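K.L.:
Supplied in structure tokens, the structure appears directly below.
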Amino acid sequence: MVTLQTTQLRTGGLPVKEKRSAKQRAGTLGLILPGSIGLFVGFVLPLIVMIRMSFNQHGTGGQLVETLTFENYGRALSDPFYWQVIGNTLWLGLLCGGLAVILAYPIALFLTRTTSKWKGVLIALAIAPLLTSAVARTYGWIAILGDQGIINGFLMDTGLLSGPIRLNNDMPGVIIALVEILMPYAILAMISGFGRLNNSLEEAAGTLGASRFKVFMRVTLPLTLPGVFTGFLLVFVLSISSFVTPRLMGGGRVFILATEVYNEATQTLNWPLASALSVILLILFGLLVAGYQQLTKRFED
Amino acid sequence: MSTNRRLTRNKRLLTIGASIVAMGTLASCASSGGGDADGQTTITVLGYTAIFEDNFTQAVIEGFEAQHPEYNVEYVPSQNSAEMLGKLRSEASNPTVDVAILDQSVANTGIQEGVFAQLDEAAVPNLANVVDMGLNAEGYGPAMTFDNLVLLVNPEEAPEEISSIQDLWDAPDNSVAIPAAPDIQGIALTALTANNLGADYQEDIQPAIDELALLQPKVTSWDPQPDVYQTVTSGSAQYAVGWNARGQVFSDQSDGRLQVVQPDDGIAFQVNTINMVEGTENAEGAQAFIDYTLSKESQESFSSAMFYAPTVKNAELPEEVQARVADPQDPNIVEIDWIWMADQRDAWTDLWRRTVIGG
Amino acid sequence: MTSTAEQMHLSVQNLNKTYPRTEVPAVSDINLDVQQGDLVALLGPSGCGKTTTLRMIAGLLEPSAGSIRVKGKEVTSTPVHKRGMGMVFQSYALFPHMSVLDNVSFGLEMRGGGRRGNRKAAKAALDMVQLGHLAERRPAALSGGQQQRIALARALAIEPTLLLLDEPLSNLDAKLREAMRHEIRSIQQRSGTTTLLVTHDQDEALDMADKIAIMENGIIQQYDAPQEIYEHPTNKFVANFVGKANFIPSTSVRQVGEGRYSIEAGAFGDLTVPGVVGIKGDRAELVLRPHRVRLMADGEVAADRPRARGQIIASSYTGNVVSYEMQSSDNDRVIRIDQLSHPADRLPVGAEITVSFDPEDAYLVAEG
């Protein structure tokens, strides 16, 4: 009450208060504007151009014909090959997301729990790979997984294999490399998502008679699931949109939407189809992410 | 009196002419913005990156600039022909490029889209020397280089020597690198395979596709990275198909780990054309540059540097270079209509994906 | 020792804990016997080892040496989930992803039993802490005091052999804390659950516990009933930690009987006082509680009482008590005096006063 009175006294009534909030609004607008302009020029405009492009026609000899047609969508959606590409892309995302989360989970749990004075250093080490470019790390995996690479070399030297198995230049190599490359993201997402977990909750469950396994299933896992979901979603999204690793390690055998879009855009020069595929990718995974978020929200409640 | 009058008249004409030239120069300087302080005009050339850029700069651009001090050439490198066309498309209304060197089939798409301009025969006198298969019927940019598909072998890692495309089918598993369609190396290989099977690639390509599908277990990569030459040199693949020019250059740098073999069952040419961009402010300079690239001097020098076959009749190569460059007169040549091919590339790529790679 | 251990509900013997990469043990040679139904407080400053001791008893921490027995049964190597002890954590540690009822029935569920029976028992436990109406809420929606009681209900629902309370009241505000003390104590007594309470709050310990173990530097300094701890501290640390104390340096210490000494206590002169049995040497310290020091009225005569004169150098008022600090006339000591008095009678700083005390109210301890 007292504060309200003094405020009114100082500002001379309500109109001034409104003026101040208008000023505040202007300030908020001023802060939002640069980012919004950047987003509009860098994302919204190109998106509009791309969507428009997807209704153009791919004429004879790769000619670009400005028109308004759905034939690119028709072609993409009626052709089993593109359905397979969409399927491959989804599969790659699910597998990489799943594997990255499984591998990163114990690490993230350890990093969250450790009371070591090196905790900061350990976390930095876990995410340090992000400081190296994905291209460099992909070439590293090529060296490891290649026919004369470390793994095949070891398997052949020890006589377990007579000839090299194809790890590089196919889906397995792409998955191995992508999982490793994207794992730091999963670790980061999980560490930040494990906030609700604390030692005394697990200890409390222990004193109440829960074995280690039951503590994990009933307390640790449910409390860390939001972090797991975020980590999975992040790796899933990053792998379905990944291009460099599938391209460098796929050996031309891995057909996913990103490489297809690249091929259509830069090799066959079929920009309308490339745009249509991009729009399909956008819609498909926009829906997936939205559905996923609904699901996790329901779970968290 | 009359002589005197005529003299004055001539003098006046001369003055007018000089002013027009001066104004023209001024105008072109102002509009293209390419004028240097010492009155040079800049010609912007779009072409392939990496070793192509290095050799082209040394063997061609430097010669041109020495001969035409009024021009200054700026080279804009690009990853591939499609990327170049993409750039030209996006700036069609306001081109920053005067001349583009790119693959014939992609160039043809550009011609249809109106990205390129026809050349003035008077401004490019060397057009007269270009071989027939290098000329564009409607007067657009001619061939500047011929290249051909070759076999690449790593003699240290490869168990056996090969001499023909057909030999690839006898290679061990996981030993061959082939840049698959839509890459034109894969497209050219398809045409050569059809030819080996006695089929006309323009009639029915299915037999060649089925034959290529049999290569599947032999192939380690359908998309060699970073390129097919490094893949063979490093031993990641023992055999590959690639282009002669780059193959020869990289072979010289490979310490014997990369060997180029001209296949004895078919030579397929690839053509790079040199084109003037529609709407250029500098048609005169662009055509002067194109003319120079078709000169005997430039063709000989670039061929010696990069082992492209010359596209002009009057070029004479040193014997050691000639031996490493395919002859456009070779009877083994399987003629590929790259303009026809431009239409088929999509369809062939589909067949490759479904049958050759996926099969 | 062994014979008593058999009768004791909880018997801790020679318990030691040394953390890896440290030289000083966190806890050394803890011996603690707790009778069935008692509430024992482990009281000490932070870092004294009281929580370490509690966690070893709970099974959350492995002892370096020693043994723990419950009802005569060795449990030292029994894993935490098989010890059947109920624990209330300082942070309450309620499961945020479960309803209040699920929290309380969690322990029952881990022990098997039908879902219906478990829920009924859990409901009963909630009713015991008067929070039955909040069963379906999430813990986050409750106040600190409510969370505290739910944590208690959860720990008691499993009918634990031992209830362990780790600073259960430290997150509550002062008023609520006092109310909860009595509530916990009454629930504990009703259920008859033997309880161990870790606290750093002496009022809490004195108020709630049947016995208090004072800990410092990993060692139990004194284990006794609250009154004994307060009136007869075994050393200077205990006297200082529990309640307020004046320490009067005493010389010419001479034992004159079992736990009786004749001393010379500075300005107070020669006295005979009770004290800790077995003080060696001729120097010691006399513990004198401030509220046992009397301000003498002018002209008052109390021939048999020791007295000293001095000047008030500071005073403070805390509602029911006025505290003075007196500089004694021999100039070497400041004596604190707590007077239950009306503020109108408050003496000014600088006033000359005479104080005295009953020697039987003082207690002699060894020099600290």
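Including glycine, each Cβ sits where the backbone N, Cα and C put it.
No curator has checked TrEMBL annotations; they are predicted automatically.
Small disclaimer: the values here were computed from a predicted structure and weren't measured.
This is the feature table in TrEMBL:
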DOMAIN    A:86-292  domain 'ABC transmembrane type-1'
TRANSMEM  A:29-51  transmembrane segment
TRANSMEM  A:90-111  transmembrane segment
TRANSMEM  A:123-144  transmembrane segment
TRANSMEM  A:174-194  transmembrane segment
TRANSMEM  A:215-240  transmembrane segment
TRANSMEM  A:271-292  transmembrane segment
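How about a rundown of where these features are and what they're close to?
P.N.:
Here the transmembrane segment (A:90-111) has Cβ contacts under 8 Å with residues 119, 122-123, 126, 171, 174-175, 178-179, 182-183, 185-187, 190-191, 194, 220, 224, 227-228, 231-233, 235-237, 239-240, 246, 254, 256 of the same chain, all six or more residues outside its ends.
Outside the transmembrane segment (A:174-194), and at least 6 residues removed from its termini, the chain residues within Cβ reach (under 8 Å) are 92, 95-96, 99-101, 103-105, 107-109, 111-112, 123, 126-130, 134, 137-138, 141, 145, 167, 223-224, 226-232, 234-235, 238-239, 242, 245-246, 249-250, 254.
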K.L.:
The transmembrane segment (A:29-51) vs the transmembrane segment (A:215-240): three or more C-beta pairs under 8 Å (separation of 6 or more)?
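P.N.:
When sequence-distant Cβ pairs are counted, the transmembrane segment (A:215-240) does not touch the transmembrane segment (A:29-51), since fewer than 3 lie under 8 Å.
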K.L.:
Determine which residues of the chain contact the transmembrane segment (A:215-240) at the Cβ level, with the cut-off under 8 Å and only residues 6 or more beyond its ends counted.
P.N.:
89-90, 92-94, 96-98, 100-101, 104-105, 108-109, 178-179, 182-183, 185-187, 189-197, 201-202, 205-206, 256-258, 281, 285, 289, 292-293, 296, 299-300
